[in-house]
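A short write-up of the structure that comes next.
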Amino acid sequence: MATRGSRSEKVKRIFQQFDGNHDGGLNREEMAVLVVAVNPRVKFSDEQINAILDEVFRTYSEFIDGEKGLTYDGLLRTYDDGAGDVDRDFEALGLELMKPEDNAGTSIAADVASSSSIVDERVMEPHKKQRTAAWAASPNHGIVFDDTWKLVDDLEILIKRLKSKQSKDGKVKNDNSDVYSEGWSRELGPSTELSDKRVSWEETGHDYSVFVKELGVLRSRSDGSRSREEAFDGHMAIGRVLYDQHLFKEALVSFKRACELQPADVRPHFRAGNCLYVLARHSESKEEFLLALEAAEAGGSQWAYLLPQIHVNLGIALEGEGMVISACEHYREAAILCPTHFRALKLLGSALFGVGEYKAAVKALEEAIYMKNDYADAHCDLASALHAMGDDDNAIKEFQRAIDLKPGHVDALYNLGGLYMDMGRYQRASEMYTRVLSVWPNHWRAQLNKAVALLGAGETEEAKKALKEALKMTNRVELHDAVAHLKQLQKKKLKGNGNGNGEEAFIIVEPSKFKTLTEKTTLRMDLSTALDIRSFQRITRLNRCDIDQIKKEINETDVPMSYSGGVPEKSIRKASLEEILHRLLKFLKPETFIGAVKTINQKVFSVLDESESGRLDLGMFFAVLAPVCGGSPDKRKRIAYEALLWRPVNEGSNQIRKTDAQRYIKLLRAIYIPSHGASEMLEIHGEMDTSLVSLAEFTAMFDDPDWGFGIMSTLLKLEFGDRNRHGSHVCATCRYPIIGSRFKELKSHFSLCSQCYSEGKVPPTSKLEEYRFKEYASESEAVKDKCMWFGIHSKASSPAAS
């Protein structure tokens with residue numbers, strides 16, 4: 001990774017290489033030669049070259065020097081903005097940096113010994129700008145006033161003094177503050193990138209307190225400047241220096257003060273947003289980026305060059321809150337504003353993958369790789385998307401490409417291990433997890449998966465050792481589940497359905513052979529459907545969202561009318577709908593919320609957005625969610641009815657149209673009972689019934705077991721009883737303790753858990769013509785039933801009875 005100094009020198013060498021007429025500018029011909037030279041593997045057409053040049057000369061118009069073309073500062077800015085990779089281009093061109101003796105007149109003076117006086121320590125050089133970060137001399141972000149240079153000099157001395165004192169005490173950790181990530185919006189990459197490079201300062205000691213006090217003196221000097229503009233310049237410069245040294249809290253103070261001085265200026269809001277993101281204050285970060293975006297759009301072309309960066313960083317901040325669909329919109333906008341922006345496309349592809357839109361994710365990631373073939377992160381995420389689509393062969397190639405580019409790429413190694421596990425290639429999976437642990441020794445999930453992979457490969461003793469290592473790393477509940485999983489794998493070393501001795505662990509019986517003893521025993525097919533819906537509830541946590549919250553959203557959400565289909569609708573974009581979901585599920589952590597949105601996007605949005613317009617009927621969406629939210633069944637149905645009544649087609653009436661009720665129920669079935677609902681959706685069109693239905697009539701339609709949503713009664717049974725335990729009873733096929741309902745076969749006397757019963761699995765030792773089951777929701781029911789059975793039989797066998 002290049003330091004700031006060598007980076008600017010590399011850009012200068014590239015500039016000199018292509019400034020053929022030595023006029024201090026790169027004209028269109030020279031720029032075209034540069035673009036082709038740094039992309040040797042890409043075959044550009046004339047149209048593509050002209051499009052790229054048009055974009056560069058338009059975006060960086062302020063750096064164009066008449067007929068001469070793009071200046072050195074302009075080329076440096078293009079690299080700062082992520083239009084290219086300095087190190088990659090420098091190597092591709094086979095250039096070398098100038099030797100120190102070739103650049104003697106501009107060398108950086110050696111550091112001087114620290115003393116108690118800042119003035120005594122200041123290095124008084126005639127060319128100060130050449131020893132400062134590249135941003136300081138930038139025409140847009142640089143230092144304007146001479147007194148600001150003095151502030152920067154004094155601040156650098158203060159930081160050097162603090163670093164020296166904390167280094168002696170061993171308090172400064174990971175001191176590589178001269179290293180930063182290349183590419184778009186380099187000040188704000190994903191948290192994993194930042195954590196690798198951050199310097200951790202000790203903020204509680206005396207030395208740090210002294211530093212903050214002296215920093216306050218510098219800020220007071222800036223506030224005492226001759227003009228508001230000079231004070232702004234001072235605070236911005238102080239903030240930039242502090243940010244570069246990873247003193248983010250102090251940098252934030254300076255940027256906030258700059259915001260107060262010039263609230264309409266984009267730059268302090270943008271910088272404050274960066275600081276807040278790094279400090280994990282994602283909501284506040286988002287607000288600052290929104291203010292920056294508003295100021296940039298109001299400022300016209302002045303801030304056009306910064307708009308793509310604002311959109312990218314706003315997207316990253318939104319992802320920090322879990323708002324991935326909203327983030328996609330900003331990544332798209334950045335890519336539209338700057339079509340050559342490979343990082344925006346990579347982030348877009350990763351975000352689309354995060355919400356389950358795999359085909360679109362693959363397209364965006366492939367475009368990013370086309371622009372930057374050595375982008376390891378993009379190859380990794382492309383591989384994950386291909387794996388999700390079932391294209392495992394190409395997924396392996398992409399994971400391997402990412403690892404070739406970056407041998408210690410933890411995500412690529414870990415995910416490739418998971419892919420090999422899915423394929424049953426346990427030995428290869430174990431090797432990948434071992435490589436993860438060589439990079440990240442405390443990665444307990446990799447250690448756990450290594451144990452599972454070793455067991456799958458038949459290396460039982462090694463698996464036990466790996467599991468013990470995982471237990472040393474963490475005592476999370478997942479490890480207890482893993483122990484049970486390891487035991488199950490030992491019993492299924494053959495086809496996934498055996499105990500290692502050639503015997504089957506279960507046989508699957510056709511549904512017609514499963515009979516129920518009483519009406520209270522759930523039918524096998526109904527239970528299977530209800531378990532799927534219950535799984536949806538668990539992933540989305542919608543059962544923890546009280547139905548009254550839906551009612552509140554209906555009453556308080558103001559949605560403009562849309563006439564896109566000729567019929568008035570309260571329709572909104574997916575991103576706006578995500579904001580509503582964020583309010584409904586405000587108790588979720590960001591990573592859990594992302595999982596919830598992904599599932600809702602795949603299961604609900606995909607059905608409601610039939611035209612793929614990206615807009616959804618909000619009333620219908622509320623109605624579809626209502627049955628799976630928390631609350632009494634009657635209230636859920638009533639809120640669903642009110643959501644349909646709220647739609648414009650029923651507005652002003654106290655009843656809904658029958659056609660709307662029918663369409664709603666068919667949508668409900670298509671979403672939650674897809675095996676039945678898909679064919680029923682074809683019947684919706686062409687119905688012209690104009691009659692109205694009341695709440696009571698709607699409820700009757702809803703509860704119809706054949707054509708309504710009668711499955712809700714089974715779902716309610718699961719909601720209230722799927723955590724019940726049944727003492728020491730274990731399932732006869734999967735051997736797990738039975739939790740939820742217990743299904744007892746009355747002739748062979750074996751018991752099944754809900755999952756195995758729904759899948760028709762029975763022990764191979766109990767082959768019958770037909771199986772008759774009785775369901776016990778709790779062990780107390782079974783005990784009561786047993787007592788009654790003994791009571792009846794004891795009476796039958798007594799002398800009085802004879």
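Each Cβ is built from the backbone N, Cα and C atoms, and glycine gets one as well.
What TrEMBL annotates here:
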type   : residues : note
DOMAIN : 6-41     : domain 'EF-hand'
REGION : 168-191  : region 'Disordered'
REPEAT : 232-265  : repeat 'TPR'
REPEAT : 342-375  : repeat 'TPR'
REPEAT : 376-409  : repeat 'TPR'
REPEAT : 410-443  : repeat 'TPR'
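Note on the repeat 'TPR' (376-409): residues 342, 346, 349-350, 353, 356, 358-359, 361-362, 365-366, 368-369, 415-416, 419, 422-423, 439 of its chain, located 6 or more positions outside it, place their CB under 8 angstroms from a CB of the stretch. Residues belonging to the repeat 'TPR' (342-375) score a mean pLDDT of 95 in the model. Here the repeat 'TPR' (376-409) has, by DSSP, the following mix of helix, strand and coil residues: 27 helix, 0 strand, 7 coil. Residues in the repeat 'TPR' (342-375) partition by DSSP class (helix H, G, I; strand E, B; coil) as 27 helix, 0 strand, 7 coil.
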